[in-house]
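Supplied in structure tokens, the structure appears directly below.
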């Protein structure tokens with residue numbers, strides 16, 4: 001380890017000595033990323049058994065009293081096997097990877113559109129407003145898929161909803177690749193957007209429902225990992241095809257997304273159905289068979305089955321989600337209202353951070369900063385994609401160790417600082433000619449830092465949190481509602497980012513986004529409790545405990561006032 005760090009330091013000093021371009025400074029940033037990852041790896045990769053394997057409700061709550069004997073039993077079991085570590089079931093991992101592969105399609109579209117938009121504008125002669133509509137339309141149209149995915153997955157199952165998402169995106173990718181005009185291209189974006197909406201909701205829900213509590217954070221963050229892999233592939237596609245004529249390059253860039261969609265649609269057929277969905281439909285024997293395959297022991301499978309059956313007791317065997325929308329939106333209990341606020345809030349701030357817009361329009365941002373060569377613009381975006389992918393992998397690996405809440409707070413606070421630094425750099429470059437290389441490099445590093453902090457916190461944790469905090473009865477519809485907000489905000493930000501930036505400059509826009517992330521950090525601190533190491537059924541009790549805790553605080557406060 002020390003020898004590798006020594007080599008990294010030598011490379012780092014060499015970069016410092018010769019840093020004359022933005023690409024060199026971005027390379028320096030990647031060296032720092034690698035050094036950080038190696039430093040983190042020196043810590044234990046396994047959760048503390050006493051801290052993570054037991055459920056910790058709020059003090060003096062009913063859940064704490066009822067679960068004391070469970071905690072004691074777990075402690076005794078742990079003491080008998082002190083080196084017991086959380087393992088990832090191979091069958092669960094394969095299912096999670098297959099389901100998450102669908103997310104490559106969205107990531108690829110985000111990455112490839114940042115470069116394809118340059119060639120589409122040149123080939124079709126469209127305006128800045130039309131570029132915004134083109135880019136943002138997929139996110140707005142994905143709202144349709146997100147809203148429909150809840151009812152669809154409750155009716156036909158989680159697995160076939162994933163297949164439907166892949167096939168819908170496949171049709172959209174073919175239409176975009178063959179588009180002869182702007183209107184035809186918009187039709188392809190509309191269809192692809194519906195597929196993206198289905199995919200964004202169903203992949204995290206499916207993975208959460210097949211994953212054990214101790215590794216659910218890592219497995220449920222895989223969709224975000226694959227989104228970033230897709231973004232990186234989109235950037236690489238831009239770079240590889242940028243030498244072709246504009247009329248050919250953008251069509252190939254968009255049409256290539258059809259290939260992984262076919263692979264996903266076929267591969268998903270080998271996945272098991274969600275055992276929780278099977279229980280809701282009264283297919284207990286099928287659910288037991290799936291649980292035996294995704295659990296380490298038969299005893300664990302039986303225990304998980306009994307928990308799921310108890311949680312699903314409110315649903316009849318022919319239940320298809322009737323009455324859930326009314327209970328969620330018009331008559332929610334206090335605990336459900338708290339869950340809904342947390343899920344919708346996390347999804348809102350994920351897109352209000354402007355991350356998708358920064359990725360979509362990164363060539364425009366870097367061009368405004370002073371990088372004019374088109375191939376260099378695409379090259380810098382590739383480096384940004386590597387930074388995003390590296391940090392989302394680090395976050396996924398440590399999510400079950402450090403917990404959702406610390407990484408969420410770290411990521412949002414880091415984004416606020418990075419965006420403020422980017423705003424300062426952009427404002428400085430607005431008033432300087434010629435633009436100094438160090439200032440341009442500083443803006444490149446600030447963008448890489450902002451997207452990296454996003455990948456540490458909001459990127460993976462939004463999908464994890466949205467899919468795990470809803471009770472079984474509300475999970476599909478609640479997740480679809482939260483992700484619909486995600487898609488709506490993403491579309492609005494993407495479709496207005498350039499117009500607002502033209503009015504207040506990119507520097508002003510980044511200051512606004514920095515302020516949004518300050519508000520987000522406060523929201524996460526107040527409304528997002530830790531869910532690490534808890535089963536999906538225990539998380540519902542966690543939010544009920546918080547409601548009781550709030551009621552006790554109010555009662556005690558009122559008593560003090562009266563006395």
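Positions of Cβ are set from backbone N, Cα and C atoms, glycine also.
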Could you tell me which of the ranges 160-184, 285-309, 310-334 is annotated in TrEMBL as transmembrane segment?
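Checked against TrEMBL: transmembrane segment maps to 160-184.
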Match it up for me: which of 46-66, 67-87, 88-108 does TrEMBL list as transmembrane segment?
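That would be 88-108, per the transmembrane segment entry in TrEMBL.
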Quick one: which of 190-208, 532-550 does TrEMBL have down as transmembrane segment?
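The listed stretch tagged transmembrane segment in TrEMBL is 190-208.
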Of 124-146, 377-399, which range does TrEMBL call transmembrane segment?
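Spelled out, TrEMBL records transmembrane segment over residues 377-399, not the other listed ranges.
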With pairs fewer than 6 apart in sequence excluded, do the transmembrane segment (248-271) and the transmembrane segment (339-362) have three or more C-beta pairs that lie under 8 Å?
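Answer no, regions not in contact.
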By Cβ distance under 8 Å, which residues at least 6 away from the ends of the transmembrane segment (506-527) in the same chain are close to it?
338, 341-342, 345-346, 349, 352-354, 365, 368, 405, 408-409, 412-413, 415-417, 419-420, 422-427, 430, 458, 497, 500
Can you tell me the mean pLDDT for the domain 'Major facilitator superfamily (MFS) profile' (95-532)?
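Mean per-residue confidence for the domain 'Major facilitator superfamily (MFS) profile' (95-532): 84 out of 100.
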Residues sitting near the transmembrane segment (217-236): Cβ under 8 Å, six or more positions beyond its termini, same chain?
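The answer is 88, 92-93, 96-97, 99-115, 200, 203-204, 207-208, 211, 253, 359, 378, 381-382, 384-386, 388-389, 392-393, 395-397, 399-400, 403-404, 455, 459-464, 467-468, 532.
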At least three Cβ pairs under 8 Å linking the transmembrane segment (190-208) and the transmembrane segment (88-108), pairs spaced 6 or more in sequence?
yes
Among the recorded stretches 160-184, 248-271, 406-426, which has the greatest number of Cβ pairs closer than 8 Å to the transmembrane segment (88-108)?
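Answer, by Cβ pair count: 248-271.
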